[in-house]
Amino acid sequence: TVAGQSAVREFTGCPISVATNGIIAVNEPKNEENYLGQFPVSFGAIAPFMADLDTTDGRGSVYYREDSSSDVLQLASDYIKGGFPEAAFDPSSVVIVTWKLVAPYQGPGEDLTLEEKRNTFQAVLASSDSSSYAIFLYPEDGLQFYSAYSKNNDGKIPAMVGFSQASTNYYFWENPGSYNVIANDEDSIRNLHKSSNAGRQGVWVFEIGSSSDTIVPAKVSNVLASLEPSEEDQELTSKPFMSDYGSTEIRPQYVTSNVTGTPSTESFYRHREFPTAKAPPRQFPAQQFPPQGPQVIDVEEFDETGIVFRYHTDVQQTCANNRHQCSVHAICKDYPNGFCCSCIAGYKGNGRQCVAEGSPQRVNGKVKGRIFVGNNPVPVTFENTDLHSYVVMNHGRAYTAISTIPEALGYSLLPLASIGGVIGWMFAVEQQGYKNGFSITGGEFTRQTEVTFLGNNEKVVIKQKFSGIDEHGHLTISTEMEGRVPEVPAGASVHIEPYTELYHASSSVITSSSTREYTVTEPERDGVASTYTGAYQWRQTISFDECIHDDTLHAAPATQQLSVDSIFVLYNRDEQILRYAMSNSIGPISDGSADISRNPCYTGTHNCDTNAVCRAGSGNRFSCECSIGFRGDGNVCYDIDECSEQAGACGSNAVCNNQPGTYRCECVDGYQFAADGRTCVAVEYAVNHCQTGTHGCDIPQRAQCVYTGGSAYVCTCLPGFSGDGRACEDIDECQQGRCHPDAFCYNTPGSFSCQCKAGYRGDGFQCVLGVVKTKCQREKEVALGSGGTFFQREIRVGQFIPQCDEHGNYVPTQCHGSTGYCWCVDRDGNEIDGTRSGLSTAAPPVVIGPSVRPDTIPLPPGTHLLFAQSGKIEHVPLEGNSMKKNGAKALLHIPDKVIIGVAYDCMDKMVYWTDISGPSISRASLHGGEPTTIIRTDLGSPEGIALDHLGRNIFWTDSQLDRIEVARLDGRQRRILFDTGLVNPRAIVVDPVRGNLYWTDWNREAPKIETSYMDGTNRRILVKDDLGLPNGLTFDPYSSMLCWVDAGTKRLECMNPNQLGRRKIVEGIQYPFGVTSYGKNLYYTDWRRDAVVAVDRMVSVENDNFQPHKRSRLYGITTAFAQCPGGHNYCTVNNGGCTHLCLATPEGRSCRCPDNTVGVDCIERN
């Protein structure tokens, strides 16, 4: 099926559309370009796995069918009653949709690790006369990828599982519908097949109603992990509920490919350039579908692993296409339902990760934490702290050091030896028939530990993630700690007696719990050292992936005993290093009297070399054997120099470096490893053809070259032109009837213009016959509700109605009928400064509903320019790329204020501005109503202002206090981002989708344009050369271009922030201040010309200008978009999970606390 394609079906009498992108739309879906990467979507959607999925060129299929057979209805009923035991549900029909072996979208040059990954999943909609349910089904191994690239986004986006209600469209805005998110990150999606809300692994059930507000998830959390099959289970899972029998496939139109012939297995896995052409949606036939032959998806009975269902697919996961998942020191073996890896002789591990038996191991990682000590109300926090561990495998002894732990915390962490004890468990000496942690997990697992200290009930949570072996042969670990520990006095020592601990293993989970004691010896006082004993309860859960196909891999007993002795803990206050050491062995549950536990191999009393394996014999006998990569008698082992003994071990264009127990190949300069990780191939240096001009796109006046990384680029025609980007033709808009029927249309390259015919008046888009009403008459009609169908409404209490004389001109003195205020106006109805007075001493009337200021008008629909002119904000409507100057009006009039910066919230239709006379920051609704000051304290000279409409934050510069701040849209939760390195900060803009912030500093000694992430990290100078007075700055969300105006160099310039190089758009301009962008035009305000000037940035030519009737300096300018630009960031949904400020970054988001948060329960995290 072609990606993004959909087909229509009926469910409960309503049409539904099945899309290849993992969604079912319950009303008309938009094109995929308008919803991919966004949630909630604007249409009603049921999403079992929404992502940019690709089904072209045989990459999977999508099947659907409606079924009312008794066995299928019974199966659906059983699933639903499993999640809703009290529900009396008798379905009358079900719709079954299967996404089978679908692939993730891959753009040119993107992640090759996703190339062969495929997903299979199902959605079932069941209905009766009174209720409806949705069932999501995820088979074991059915989800092989959890994120996908999107044609709408530069990065990889996690899939979305959930429900979304259709948005509601109003005159001026679109109100998003409610939604439910089930899973939206890789960890939760990865676990969908393991967990459930209906008591069966991989089965998720939801009651659905007429809207997302009524989505009710099942809450039966006890998953049946291991059951013997019963008759009922047999009946439940042997029916063809999960097959494609009788289904209709959404088939694509024929798509040509540059691969010819029948692809062999080898060519199938080689990288290819796959086509991305789209085919139009195909409608489902209305008649019932005849049964087809048996398809490839079937249902299996319950097995001992508790899998409720399993797919049989015609693309079996085998060693042939998964050998790369095994270690190079492992063999791969096929089984009926999949494959497994196992380490070869001389190596230990789970097959995916293998290390040489007996060889010492190193573990590296980072530790972060937030720990309260004793009764101290202030936590000790630390980040990016190094952890290093060295393990002598044949003794099972692990030495762990954590550096840069503050003294206020270091001594109090001494009792928690098991921070490093998990490393001892991983490499514990194995007694016969028992397995340590590395043999089970391969060093790839997550561990969550809860420590509760007995007495005062302090609690610490430790989260650790082990990520396997890195390219240096070291195991990697990350550790997070949070909670409270009892205080251990500085200078004290801690002693921990040997202990044993039971580890209980089940499918992919290991648990253990115990109570441990420790003795604290305090520093001597007057020659006496007091001691006391503490204790804590220890509970831990270890989660990992295991291969379920090979029963021999699970031969280790379900319960094993870890014995730990020779425990040593120390804190060095001078080096601020915390050290743990302990010896570990794993074996049967015993009291220590068994003979097998006395063997020197298990007690560590042998005399083998540290690079040797101790082989236990009968009784106390043992032998020593050098590890692979070493040579000797076992008591003494010498490293083998493979580079000298194996000529040509690394091949051509590579250098061999000998290392203890192994060797490493490194490519010489100018070469890099190929996909096989062994062959060195010449480096192909990337060329930015867009920058060098060696691209094949049409001329810049008709097309744009967009660099996409590496040496790749795409060509796109400019607005007003059509074609493939390499050849673009002008669109004749006059043939499209864009002008009024009583107007002439004049086509121009890339644009057009309209002019009313003789005897008609108007702008060419609207023409009327005869005399046109005056401006005063038109505004009065609008206020009275007769200004056309769009503005028809009742007169609101407190609404201003202009007064006109018999000729339709403004009466020189205008008064507000409700408030009693009067003022003088000029011939255009503009208020004359200083003339406002109050004629009434009565209290203002109570206003019902939003009150509209006398000089404020709601904006009509469409896109507008908003710009500041001293004490007011004006707007100019945009029609295409042209300013409708006859429609320009004052939007907001605030006398005695000096408005500098202007920003617009496209979601709430609000305008924000800075005022240096107050100073203050304020906002007002474009639908009318009184302005509101949101910040009025701790300001010097606020100038530039920017708004993140996705994260709901504002940013501003203060040129007097020399700082940049951020706050929520209501002015709360202020936080200073920067207060150093600034002299005259002025303009500031945001790129919400990518999480970037940009600003100018017109410091005459060193002007610059800087950038950072929106959380203030990664600050750097973007432009510093050839600048004078950079006043204005704008970021175009559609072209990703950053543009600025400079009153010193008299230039308007642009650049792509991710590339080197600048482009001069125009030179010789007079005194620019603010700048904004829309379409192909840039619009800037000019102090000398008192005008808004339009520049076509594609052809670098000024094409229009607008001078307000009242001549004075123009300041900030912004674009009020009719619709918000597309995209999202990690703060879009639920404030990113943050308690306070959510600040987006290119790879995620940071949760930050506002300044002065005394007594506020705020959590900071990345």
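Glycine is treated like the rest: Cβ placed from N, Cα and C.
Nobody curates TrEMBL annotations by hand; they come from automatic prediction.
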Q: Just choose from Cys815, Cys824 the cysteine that TrEMBL connects to Cys822 via a disulfide.
A: Cys815
Q) Under an 8 Å Cβ to Cβ limit, what residues of the same chain, 6 or more beyond the ends of the domain 'EGF-like' (639-681), are close to it? A) 112, 271, 356, 359, 473, 611, 627-631
Q: Could you put numbers on the helix, strand and coil content of the domain 'EGF-like' (686-729), residue by residue per DSSP?
A: 4 helix, 15 strand, 25 coil
Q. Who are the chain neighbours of the domain 'EGF-like' (686-729) in space, where the CB to CB distance is under 8 Å and they lie at least 6 residues beyond its ends?
A. 107-109, 749-751, 881, 1039, 1056, 1059-1061, 1079-1080, 1098-1099
Q. If you draw a 10 Å sphere around the Cβ of Cys822 (disulfide bond), how many other Cβ atoms fall inside it, taking every protein chain shown into account?
A. 16
